[in-house]
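According to TrEMBL, the feature active site, proton donor/acceptor maps to H273. Feature annotation from TrEMBL assigns active site, nucleophile to C292. TrEMBL lists 142-320 with the feature domain 'L,D-TPase catalytic'. What TrEMBL records for 1-20 is signal peptide.
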Amino acid sequence: MFARCLLVFALCLSVLSVQAVEQAEISALEQYAQSLAHASADAPATQVSAQRALRRGSKGVDVALVRQRLNELGFALANSTEFDAELDATVREYQLGLQMKEDGIIDKQTRFNLNLTDARKRELLQWQLPQMHSLREQAPARYVVINIPAYTLAAYENGRAVIRSRIVIGKNDRPTPLLRTQIAAIKYNPNWSVPPVVIKNDLTKDGTLNLAKVQKHRLRMLDTEGNEVDPAAVAAAGETDLGRYRYVQDPGAKNALGRLKFELTASNGIYLHDTPSKGLFGKENRAASSGCVRVQEWQALASWALGVSEQQIGRRIASKKTYTEALAEPVRVYFVYWPAQIEGEGIRWYDDIYRSYLSPRGVNSALHTPGPQPTVSE
């Protein structure tokens, strides 16, 4: 079965060389969905329930379930409760075939894929493909798609992906919402005004100001008239009405927004930006922000959106001036929540990080509703 899936992947992807990438991605997923037309909901599907990561050296019933599930997918493993060298090699082969990180570890993402049956894949594609067709029909010549569960951004122009980037999205308790918006302007060397949810959850301790956090992030406090206030004095006084102050982080290398911010229209306080925390882009799970989207290839995206070179973007940042440059023509941005995505030589399936398609009801409604709408910025 697993070998059959890889063959279908290859046949689907053969269209990429003769069609615009945008349509070819849809065609590949449609062909794969057709290959699942006769998938039975009653087919054997052992569920791997272990919440802990399993790796070489692990033992127990959970390991035996992994072996059983891999055998159902077409591998040939002996029954055992030990995670030995043979199982490690098989897990790596399985991960490689699904365009996943090849580390031999049964983590959250690998477990999600193991538990994903062909019938469930068909159901998810029946939900996703109409969304893709609708977007393609509505989209202008230049637009951006942010796929939340895949932690990816793609910029399209005339049907072809001209930029692909890893992104960091909102945490589970501060999810990035589904939006249809536009990049209207670029802000160089931005300052950061801390949003209310971060003030409430991160800058307070027992109802009073967390002075250590304010000092660590070098935040300035301003009263309602714009006068600067001493954070130490506010903390010492035990003030509890902390929402009456503004908290501002000046531009610089450690600013939460990095060196550049993409201003979005009607986005409920959500925007795209650079970040000083570059290491997060190397992680598999990149749900780590307060709702906004951190973009690894922010320079390329800014260059493309404005129609100038990356060198010009660099010079504007090097000026150390904080200013905003409007786009001659705003770029449409679509935030989507799609579990399947073409990557490399195959189709990759992504875990339901916000639990939006765990149930049939979620599958039918997740992309037709506004989704979670946090009143947060990054």
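Glycine residues also receive a Cβ, built from the backbone N, Cα and C atoms like all the rest.
A simple way to gauge crowding: the CB of C292 (active site, nucleophile) has 28 other CB atoms within 10 angstroms, across all the protein chains here.
Annotation note: C292 (active site, nucleophile) sits in a coil segment as assigned by DSSP. Between the CA atoms of C292 (active site, nucleophile) and the residue listed as 'active site, proton donor/acceptor' there is a gap of 8 Å.
Within 10 Å of the C-beta of H273 (active site, proton donor/acceptor) there are 24 other C-beta atoms, taking all protein chains into account.
Per-residue pLDDT, averaged across the domain 'L,D-TPase catalytic' (142-320), gives 94.
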